[in-house]
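K.L.:
The following feature annotations were taken from TrEMBL:
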{"type": "REGION", "residues": "1-52", "note": "region 'Disordered'"}
{"type": "DOMAIN", "residues": "318-405", "note": "domain 'Ig-like'"}
{"type": "DOMAIN", "residues": "500-590", "note": "domain 'Ig-like'"}
{"type": "DOMAIN", "residues": "599-698", "note": "domain 'Fibronectin type-III'"}
{"type": "DOMAIN", "residues": "699-792", "note": "domain 'Fibronectin type-III'"}
{"type": "DOMAIN", "residues": "796-884", "note": "domain 'Ig-like'"}
{"type": "DOMAIN", "residues": "893-988", "note": "domain 'Fibronectin type-III'"}
{"type": "DOMAIN", "residues": "1006-1090", "note": "domain 'Ig-like'"}
Amino acid sequence: MPEPTKKDETETENAPPPPEQKTPQEGGTEKGKVWSIGDGAPEETEKRDDSQRSTLFIEKPQSGSVSVGGNITFIAKVEAKDLLRKPNVKWFKGKWMDLASKAGKHLQLKESFERHTKIHTFEMHIIQAKENYAGNYRCEVSYKDKFDSCSFDLEVTESSQAAPSIDIRSAFKRREVKQQEEEPEVDVWELLKNANPSEYEKIAFQYGITDLRGMLKRLKRMRREVKKSAAFAKGLDPAYQVDKGGKVRFMVELADPTVELKWYKNGQEIRPSAKYIFEHKGNQRILFINNCTMTDDARYYVTAGDEKCSTELFVRDPPILVTKGLEDTNTYVGERVELSCEVSEDDANVKWFKNGVELTNEPKSRYRIKVEGKKHTLIIEEAAKNDSATYSVMTTGGQSEAKLSVDLRPLKISLALEDQTVRLGQEIHLKCEISENVEGKWYKNGQLVEASDRVKLYHKGRIHRFIIASAAVDDEGEYMFVPDAYNINIPCKVHVVDPPKLHLDGLGEDNTVTVVAGSKLRLEIPITGEPTPKVMWSRGDKWLTDSGRIRAETYPDSSCLVIDAAEREDSGPFRITLKNEAGEDTALINIKVVDVPDPPQAPNVTEVGEDWCVMTWEPPANDGGSPILGYFIERKKKQSSRWMRLNFELCKETTFEPKKMIEGVAYEVRVFAVNAIGISKPSMPSKSFVPLAVTSPPTLLAVDGVTDTSVTMKWRPPDHIGAAGLDGYVVEYCFEGTDEWIVANPELTDKTKFTINGLPTGSKILVRVKAVNAAGESEPRYHPQPILVKEVVEPPKIRLPRHLKQTYTRRVGETVNLVIPFQGRPRAKVSWQKNGSPIDKNQINIRNTENDTIIFIRKAERSHSGEYDMKVEVENLEDKATIDIQIVDRPGPPEIVTIEDVWGENVNLSWKPPKDDGNAAITGYTIQKADKKSMEWFTVMEHYHRTSATINELVIGNEYYFRIFAENMCGLSEDATMTKESALIAKDGKVYKYPVYDDFDFSERPLFTQPLINTYAVAGYNATLNCSVRGNPKPKITWLKNKVIIMNDPRYRMFSNQGVCTLEIRKPSPYDGGTYTCRAVNELGEAEVDCKLEVKGGLSFFRLLMDGVPPHIIDSYMREVQADKTEGK
């Protein structure tokens, strides 16, 4: 028996490959060291059903060869045009080994994507190829329900310059069972130590290891770090192996030969015997174990003193040999196949492989393994095409292989498919018959056809049928039936014919197509017909070609009419005609070229208002082929170039009223026409026009006078005239009971008074007045009541203005111009007197009219002062009024000025009032001083009221003169009266004796210095009554109305400031009219002053004027009324 071997330390440099790596002589059916799991023959790969595969590759990897140690790259390309995401790609060796898990130093998988071409590129790089890399490979690509695969071969050739390859058989150190020759044994222990744990079971089967679990436990203990021993110069090897019945030798070398040595097996000491033999050689101690059995498979150790050294012994069964190998077999699909071999022992453990892949005896497997003693049989009940492969059987001591070839029986076509021509909508029925009852697939134009609701596929025995109930154009093509597993096909052609047809559903009514002028028309008409019909376009008698501005373009399923830059002249009918062998179809297509409309004519302005106008225009002559939808209007100032749009919504009519224009400014307007295509060019501008407004009606129309044959009317101008101004008035009248208005003045009158003559006495007429300007006549102002044409006596009444009811004061040299209105009919007579004597008309001018009288003095003199009496007489009736006119002038200087006394820095002066007071009360005096040396005058007092005064704060040592001016309402006197003597202010040291004066008594009873005056007030507007009073002590003021004291009435407010007393009546009514009294009372007495208050309310200007209300009060009242109306709006 061969001796057990131990692992040599030099073997680490040339370590054997993993157990799955086999020598080429062993068939190359084991797994590679890094990623090669098994070599599969090309015919072994199971093909997917063609119905599940579609063409995805645009470039497939090709078979190639490489030298040992060389590099090679395989490339596959997939087009991503119709893929939404990246497809899945896998690389396999043989049938089932996925190479993605083996990527590393010798294998690299790469992928890239080219965006411009939309192509995915997948690459497999093999680096430093080895002999066991050779074999069949497969690349698979899948995307959703699409799948494609490609197989290719790699051939690895031995390079002449390469280092000699490892002798795998010697590395494994076991005998080749087939050749039944002795070969060096394999160190199983070393194989396990270097192998992957997943390979332990396989190694145990190959080398006859039964206690794999115990072996692995010992392997774990063995891997522990061994400490360096002082007792043993050389210890036991970690493990030993020996065949069953063989002999093993354990040897240790001691550092001290005198140390006692003991051997142990599984903890029990070993005693010398025939089985266990001890031997001593110098420092070496040797243990022989003879005739090893499975019980000797254990852990052994030796002790030397306190130290020990251990090892493991592995005993293996003898290998099982294949005594009768497998034989190559040929058979047909569907036949029963049996592959048999015989081994050296009964019921031995035998493994079956197909192309290097182990076969299992599972219930669902189509392979069944039968064992009868030493005979082992692999049974395939119904052989299939993909069962063709290399089958092998393996034992612990040998293996055998054979090839199984499964072929198809020859197939005969009993009934071939026939070519058919069918009309659209008819049934397509294809039928064939073959000699074998096998399934098959139908193809159309090379694409697999699946059964569906429309396509029916039938198979009964050897007959196959293909039926489409209603043929469509797409059903035309080349059909083919391919029996499964046979490289044969049965073809035929189906020709579907269909009469040509134009599909005009997308066109409008009457097949009319509208195109905008200037744009490109590309009218695509879908067409059908099988075979593809010939298309012809014509316009009138002219056929269209495929070039030019108007051309026809034809495509397999449509025809296009193309018009570049369409023009209005292109409108009209175009004919399209289709022809094929099945028939003909034709249609007329109306092309309508539409454009924006022509611009309208210049608009006309027919009417003009204050800020508006009315304009009209005619529709454009050409609407551009599309109905006019409306108009846009623009305007601009004549002197401007900026147009402004007036409407943002289309105006549907041909008239428009622009508004919000500026009165008096010239404007122009223009119009745009709009249709569905767009907006036309603008029309020519209209003639310029100026918005003008008629005035408001005249106001205050009243009767000024009536005679037996005439009526005189008067009025006031309109409240609003506007930019057009006022040209005049038209007076019209009509007799009561008629509607015929008669123009009284054929020519306009610019006066606000007009007399209608030639009227019959006793008739009644209605009168109206219109204001006229460039914009036309205003609304008429009617007199509210009919006017009787008959002279009426009106008592005279003087309307004395308010300011003339008190003294009328003017300065000398000023102009006096007084207008006193009165009333009285007919022919009132006016007379004047001054101080009871007739007025000298050479000095005073008097002018009388029918309604007023005017007294005029061009340059007033003091002699014109006095009381003027006015009298108005109408027949036996009269009315009188008195006007007090006071002409005032500056006063003369005071009379003698005397220095009464001088003391300290003070001088006391006294003087007499001037003889001439200027016809007005003296209101004060102005005192000035002058130093005798310079004689420059300085004012020391102004508006001084007394006739004596004391001048203070004079400079001591100076000598002064004094002068005094008198003052009234007209100012200071022209001259001043100066003291005849000077006053010397004595220096210090001079004793001055102050005079003794009695205290002045300022007590005074109340005295009204300014009385109350009669007053007119307007109802609703505050009125005030004013007077001034003096008195010492200060008097108490009380107001009375009609002799009744006014107390706690909120409608009255009373003020008193510096002697001026004011009573304010808040918004008086006619009820507030009456006599008002102001009473002042102190301990020395009392004083009273009263006046009358008349309240006018709700009356017109004329009525107030006739009632004698002063014009300035009437104007103020009218303005406030108008302001209230404006605020109310």
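Just so you know, glycine gets a Cβ as well, placed from its N, Cα and C.
Walk me through where these features lie, including what they touch and how far apart they are.
P.N.:
Here the domain 'Ig-like' (318-405) returns a mean pLDDT of 86 for the predicted model.
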K.L.:
Under a Cβ pair cut-off of under 8 Å, which of the recorded stretches 318-405, 500-590, 599-698, 796-884, 893-988 contacts the domain 'Ig-like' (1006-1090) most often?
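P.N.:
Between the stretches 318-405, 500-590, 599-698, 796-884, 893-988, 796-884 has the largest tally.
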K.L.:
Does the domain 'Ig-like' (500-590) reach the domain 'Ig-like' (318-405), going by 3 or more CB pairs under 8 Å (6 or more apart in sequence)?
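P.N.:
Contact criterion not met.
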K.L.:
Do you know the DSSP helix, strand and coil residue counts for the domain 'Ig-like' (500-590)?
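P.N.:
Per DSSP, the residues of the domain 'Ig-like' (500-590) fall into 6 helix, 55 strand, 30 coil.
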K.L.:
When the domain 'Ig-like' (318-405) is classified with DSSP, how many of its residues are helical, how many are strand and how many are coil?
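P.N.:
Within the domain 'Ig-like' (318-405) the tally stands at 3 helix, 46 strand, 39 coil.
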K.L.:
With DSSP as the reference, give the number of residues of the domain 'Ig-like' (1006-1090) in helix, strand and coil.
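P.N.:
For that range the per-state counts are 3 helix, 54 strand, 28 coil.
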K.L.:
Do you know the DSSP helix, strand and coil residue counts for the domain 'Fibronectin type-III' (699-792)?
P.N.:
0 helix, 45 strand, 49 coil
K.L.:
If you run through the domain 'Ig-like' (796-884) with DSSP, how many residues end up as helix, strand and coil?
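P.N.:
DSSP composition of the domain 'Ig-like' (796-884): 6 helix, 52 strand, 31 coil.
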